[in-house]
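According to Swiss-Prot, the feature ADP binding site maps to Thr239, Tyr252, Thr253, Gly302, Ser303, Gly304, Lys305, Ser306, Thr307, His603. As annotated by Swiss-Prot, ATP binding site applies to Gly299, Glu300, Ala301, Gly302, Ser303, Gly304, Lys305, Ser306. For 126-218, the entry in Swiss-Prot reads domain 'CARD 2'. The annotation domain 'NACHT' is assigned in Swiss-Prot to 293-618. Annotation comment: Swiss-Prot describes Cys395, Cys1033 as S-palmitoyl cysteine. Taken from Swiss-Prot, the feature region 'Required for CARD9 binding' covers 241-274. Residues annotated as repeat 'LRR 2' in Swiss-Prot: 816-839. The repeat 'LRR 9' annotation in Swiss-Prot covers 1012-1032.
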Amino acid sequence: MGEEGGSVSHDEEERASVLLGQYLGCEMCSQEAFQAQRSQLVELLVSGSLEGFESVLDWLLSWEVLSWEDYEGFHLLGQPLSHLARRLLDTVWNKGTWACQKLIAAAQEAQADSQSPKLHGCWDPHSLHPARDLQSHRPAIVRRLHSHVEGVLDLAWERGFVSQYECDEIRLPIFTPSQRARRLLDLATVKANGLAAFLLQHVQELPVPLALPLEAATCRKYMAKLRTTVSAQSRFLSTYDGAETLCLEDIYTENVLEVWADVGTAGPPPKSPATLGLEELFSTPGHLNDDADTVLVVGEAGSGKSTLLQRLHLLWAAGRDFQEFLFVFPFSCRQLQCMAKPLSVRTLLFEHCCWPDVGQEDIFQLLLDHPDRVLLTFDGFDEFKFRFTDRERHCSPTDPTSVQTLLFNLLQGNLLKNARKVVTSRPAAVSAFLRKYIRTEFNLKGFSEQGIELYLRKRHREPGVADRLIRLLQATSALHGLCHLPVFSWMVSKCHQELLLQEGGSPKTTTDMYLLILQHFLLHAIPPDSASQGLGPSLLRGRLPTLLHLGRLALWGLGMCCYVFSAQQLQAAQVSPDDISLGFLVRAKGVVPGSTAPLEFLHITFQCFFAAFYLALSADVPPALLRHLFNCGRPGNSPVARLLPTLCIQGSEGKDSSVAALLQKAEPHNLQITAAFLAGLLSREHWGLLAECQTSEKALLRRQACARWCLARSLRKHFHSIPPAAPGEAKSMHAMPGFIWLIRSLYEMQEERLARKAARGLNVGHLKLTFCSVGPAECAALAFVLQHLRRPVALQLDYNSVGDIGVEQLLPCLGVCKALYLRDNNISDRGICKLIECALHCEQLQKLVLFNNKLTDGCAHSMAKLLACRQNFLALRLGNNHITPAGAQVLAEGLRGNTSLQFLGFWGNRVGDEGAQALAEALGDHQSLRWLSLVGNNIGSVGAQALALMLAKNVMLEELCLEENHIQDEGVCSLAEGLKKNSSLKILKLSNNCITYLGAKALLQALERNDTILEVWLRGNIFSLEEVDKLGCRDIRLLL
């Protein structure tokens, strides 16, 4: 609604129209109906922006629904729009049915104005009551004043109607033109010096605004230039090595994109996040902050965040999607941080993205007037060296300020409010401060298994090549696990010949993969007749100076938070054109116009790899300095720093060498990647390779010993910091992502002795790793260490990205798991069937929690076999999957032969009456089950009858959960009969089942004969207030 703050997307416009349609009839606008639909009305009022809300206020004020005092109460700066909307609903409701009807009409008028602007009526310019007429015709006068506020203000000042101070207040840059017009009208209402009469007469003489200025020639010309510019930047995929020109359209493969769900809020268990398409980025419900403008996409390094934005840009430029935006401005955070001079919003958009050839003033004013048609994207926020803060406020779009202040205020909405912003970042760089200003957060989880295969087929169209690569990955689970990150899929594609010809085994660790790509580049840099079979010492030694130059540059860049290098910086690091020709440094993307082309590493992970290579082999790095790397930051500067305490390592060291200073200043998440690479390079697997390149084998041995000691000591310190267990409970550890990197580093070293030593120190009964970005590679590292535990552990990996490949990686440690929690991990039947095949032989495993995955009837036979074969298995939780009656019937067969299961969860599946019947028949004589959940399974009276027969026979079940089904009175009466014969059930949950007073009376009769049952839940059923009171008095065990 409204000019400057129109509805932010076509989807929201359509939703607002639907909501309005529900209230067009007067009979729908009673106070009772108005109050009943309060949440929808709030959504309607906030579906656009503050401009739309103020348009509604204009109409209500003009119709005298709101008094002047009411109106002033809605002008509290800084109040969230949702708060203002709720206050307006309260005010209108208190005024009666007529006011409620007028609010709906005002919303309708405001929306019509936003879609097809028009003037409403006319007024007498010589009215005897000018202030009253200004209010009566306020919507039309605001629109007429919109483009002429400056001129009218100047004229009013010249004639003495307003002071200079009042002019400055109205002209504050935080206000849009329509808001300035409203503030001028507000001033006229309270001034008795003729300003109202002047405005009423002068505004009538202003030209009628026939349409929004979006069709002006200068605007069309700039939009065309911007589309052409963005299209040119996004049409071709910038491959990591810069050696290929690939059309993005031909090679783009969708990643797994999920909206972040807040599992800590009250209410029913959240559904599994659906895999979203890119086109749903701005239309997904479930906002963290409805008043925010910024969309956040988080993902690990190499997960495809930049390519996702490139795809968005291309779809917009080609006119295929995101057409609600007329202007899209892409920015790279690693480029932005290089801007030392102060800049304004105008400078940022025009000088650093796309320059208007004509009409700069008009185009910039258009952007300010219609921010809802603007999209800004900021790629790589984790590479922006300035930490987010909201302390320094900057609201002027024309006044210059520092680049960090400008960016932070754009994200907060202090600048270009209602313009959409998309930010990509690694998770570790997103602070709680920033999340306050995030509208929606998405997780980019890399390729699915199908995505890996599709990408390889797009990259290799030659007959048989993709098939051979896919077979190789499927036979090599460690390599397959790495490839869920697109950067590794690119490496596999790039090195496909080396992988298919390799006889010594496929890469297992991240370091193995990066050494393989290093071999590929080195071999392609020498004549074909000189190429060796692999990365031998001679090949590496021949280019060692180049690799050390690149390593020195990489380390300096990490320490200075610099990821784009000028010619001067390359020269200072002694990087020669010959070094650049190796291919690891490429032209930076998104180069600032007018500047010389700087260079950057293929990817941030390559910069970390070369920094680790330098630390492993440079004679300038004393071994004792490595402690700074494993500190991951200044002492006490971050949770990671506290996790890895400063280590005292024997050996001489200067007061503060330059390498030490760089390591102390680098970002912790980059140091973690570097530390893992260093551990891999110093492993026994690669010892021979590095030893041939090192003049002093003793120095290399000292580095290796230092890395081992650092890892062992850091893990030991971390384990010792775990608080003792509460009396009667198992010792529990809730790990942080920093712990995952320690385990990853240990895995990169591939030393069983170190893994055993680490496992000995992990004396916990419950290891919790929720929300730790655990993917298949992390699963391999965890299994490498946990398989050596001496006591069984409950391993909780909820809300990660384990997937089928990760499940396969976990199998080596399944024997030491007494419980395995894998909720929300995108696991399918294939992964679970492999897990169960192994679990059949793991006597320790007694509990599986698999909520919110992608399980179907296809895994039912495996589940049934597990139940039938494992007579010490205690709990199976399958909530919110896709199990139908057929799957429930198969599982029931497994239950018939089971004598140990105590907890069985099926909520949110689709077992229906047939499935409920099969389960009930299997459980009638079951001697161990204590808890059964069939919530939300489309069970009716037939299923309830079968469950009632089960209750009549079963003597062990203590809790039966049947909420959100269709049991109704007939089913409840059957259950009541079963309760009369039951002696074990303590809790029966029947909320939201369309039960009336008749069904409740049957339950009351059953309760008279049953002293065991403690609670019967009946909330959300069909009872009047009088019936609720009556039932509650009859038996307090009824929870209504």
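Backbone N, Cα and C atoms are what each Cβ position is placed from, and that goes for glycine too.
Quantities reported herein were computed from a predicted structural model and do not represent experimental measurements.
Projection of Swiss-Prot feature records onto the structure.
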| residue | record | Cβ within 10 Å |
| --- | --- | --- |
| Thr253 | ADP binding site | 21 |
| Glu300 | ATP binding site | 25 |
| Ala301 | ATP binding site | 17 |
| Gly302 | ATP binding site | 25 |
| Ser303 | ADP binding site | 27 |
| Gly304 | ATP binding site | 30 |
| Lys305 | ADP binding site | 24 |
| Ser306 | ATP binding site | 19 |
| Thr307 | ADP binding site | 20 |
| Cys395 | S-palmitoyl cysteine | 13 |
Inter-residue C-alpha distance, Thr307 (ADP binding site) and Glu300 (ATP binding site) (nearest angstrom):
13
Which residues, in sequence order, are found in the same chain with Cβ within 8 Å of the centroid defined by the Cβ atoms of Gly299, Glu300, Ala301, Gly302, Ser303, Gly304, Lys305, Ser306 at the ATP site, excluding those residues themselves?
Thr424, Arg426, Leu444, Gly446, Leu485, Pro486, Val487
Residue counts in helix (H, G, I), strand (E, B) and coil for the domain 'CARD 2' (126-218), per DSSP?
61 helix, 0 strand, 32 coil
Surrounding residues of the repeat 'LRR 2' (816-839) on its own chain - C-beta under 8 Å, 6+ positions past either end:
256, 272-273, 275, 445, 448, 786-787, 789, 791-808, 810, 845-856, 858-859, 862-863, 865-866, 870, 875, 877
Could you check which of the binding-site residues Gly299, Ala301, Gly304, Ser306 is the closest Cα neighbour of Thr253 (ADP binding site)?
Gly304
With DSSP as the reference, give the number of residues of the repeat 'LRR 2' (816-839) in helix, strand and coil.
12 helix, 6 strand, 6 coil
I'm checking region-level scores; what's the whole-number mean pLDDT for the region 'Required for CARD9 binding' (241-274)?
69
Based on Cβ atoms within 10 Å, give me the single least packed residue among the recorded positions Gly299, Cys1033.
Cys1033
Candidate binding-site residues Glu300, Lys305, Ser306, pick with smallest Cα gap to Cys1033 (S-palmitoyl cysteine):
Glu300
To the nearest Å, how far is the Cα of Lys305 (ADP binding site) from the Cα of Gly299 (ATP binding site)?
7
Secondary structure content, the repeat 'LRR 9' (1012-1032) (per DSSP, counts of residues):
8 helix, 3 strand, 10 coil
Could you round the CA separation between Ser306 (ATP binding site) and Cys395 (S-palmitoyl cysteine) to a whole angstrom and send it over?
29
